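Participant: Annotations per Swiss-Prot:
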INTRAMEM  239-259  intramembrane segment
MOD_RES   His356  phosphohistidine
REGION    284-345  region 'Calmodulin-binding'
TRANSMEM  30-50  transmembrane segment
TRANSMEM  59-79  transmembrane segment
TRANSMEM  105-121  transmembrane segment
TRANSMEM  141-161  transmembrane segment
TRANSMEM  205-225  transmembrane segment
TRANSMEM  263-283  transmembrane segment
Amino acid sequence: MGGELVTGLGALRRRKRLLEQEKRVAGWALVLAGTGIGLMVLHAEMLWFLGCKWVLYLLLVKCLITLSTAFLLCLIVVFHAKEVQLFMTDNGLRDWRVALTRRQVAQILLELLVCGVHPVPLRSPHCTLAGEATDSQAWPGFLGEGEALLSLAMLLRLYLVPRAVLLRSGVLLNASYRSIGALNQVRFRHWFVAKLYMNTHPGRLLLGLTLGLWLTTAWVLSVAERQAVNATGHLTDTLWLIPITFLTIGYGDVVPGTLWGKIVCLCTGVMGVCCTALLVAVVARKLEFNKAEKHVHNFMMDIHYAKEMKESAARLLQEAWMYYKHTRRKDSRAARRHQRKMLAAIHTFRQVRLKHRKLREQVNSMVDISKMHMILCDLQLGLSASHLALEKRIDGLAGKLDALTELLSTALQQQQPPEPIQEAT
């Protein structure tokens, strides 16, 4: 992976080419991981519904899983080799051993371990090659404990989804994103892409995430419950139990019977609470006013409060005059009635004035940055124009002063008497 040092425009071309290759490798790795998971699900369902009848086909499916796993491991190594080459290009290195750190080696080994876990392609000890069960009373016709754990561990390959989404999003390949991100010290990682899609397509992201979690956890729960030949192990029951647990309803008509099933339901409830919080945040943001709507609403409320203040002030003056009038006439009953109305009008006027003041403070605090930028730009242009005009006037004054100096010099030379000529003796 070493070689000559590439700088300048060649380094940019090399970086773009490496990112394109990483994108293709990550895409194919995700395809192979999905293929392996699909074959694993097919093997488990065939074993559940058909038992030992199709033992040769089950062995063939296991061999295909092993083959896809081998290709996946090769792609994982190739991807990290491209990562090392990209690091060497960015930092101007020649020796790949300098770019390969211990942390990266540990990450590569961990990924190889996670992606390499799969059911071993061996026939079940409970089945013969003829497709008959050796001990029909002891074997329930499903995966053993070790094989079930290896099968479920293949779901850990889904960690490749964020990597493929990051490379497919175009953020790393966009020069504008990289330039602005470098100026603002923003790292374009998986969380940035998740926030990006959460802001641009929140409905699609939450729907896909929710459906994916439902289907995955429902199948995992069915596998866990089938180990004990429980009635909850049917996929239809788990497809009902998982959404009810996800939505934190819990009718109690279907319950898990195994320890692993209870753990899956607990994790499903926690994920449901998190997704519900995200959904509430998205809905609250969608129900908020945008800038134009907020300005219109504040403007109309300002007019409404100003009108109420005028009406309250007019009512206060009216009741004060009526109170003064009935006090002069010695009508104590009417005077007390109008005094109560006057105090109520004073209270209403103070309340409306307080609301109007709060609205003004809220409007003043909502300073639009773009508007402020435009105001500053206009102010800068005005100052520049004034400065240029002042410089022109100063230049004009300087020219007039030079001309006046020349005129004064000429006038003084004309008024100076001629020097007497000395005659030769």
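Even glycines carry a Cβ here, placed using N, Cα and C.
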Participant: Would you kindly list the residues that approach the transmembrane segment (205-225) from elsewhere in its chain, counting only those six or more residues past its ends and only Cβ-Cβ distances under 8 Å?
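Facilitator: 41, 44, 143, 148, 151-152, 155, 197-198, 232-235, 237-239, 241-243, 246, 256-258, 260-261, 264-265, 267-268, 271, 275, 278-279, 282.
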Participant: Per DSSP, what is the helix/strand/coil residue tally across the region 'Calmodulin-binding' (284-345)?
Facilitator: 56 helix, 0 strand, 6 coil
Participant: Are there residues at least 6 beyond the ends of the transmembrane segment (30-50) whose Cβ is under 8 Å from a Cβ of it, and what are they?
Facilitator: 57-58, 61-62, 64-65, 68-69, 71-72, 75, 115, 118-119, 124, 141-143, 151, 154-155, 157-158, 160-161, 163-164, 219, 223, 226
Participant: Across the region 'Calmodulin-binding' (284-345), what does the pLDDT come to on average, as a whole number?
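Facilitator: Reported value for the region 'Calmodulin-binding' (284-345) is a mean pLDDT of 86.
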Participant: For the residue listed as 'phosphohistidine', list the number of other Cβ atoms lying within 10 Å of its Cβ atom.
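Facilitator: Around the residue listed as 'phosphohistidine', other Cβ atoms within 10 Å: 17.
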Participant: Helix, strand or coil: which one is His356 (phosphohistidine) in, per DSSP?
Facilitator: helix
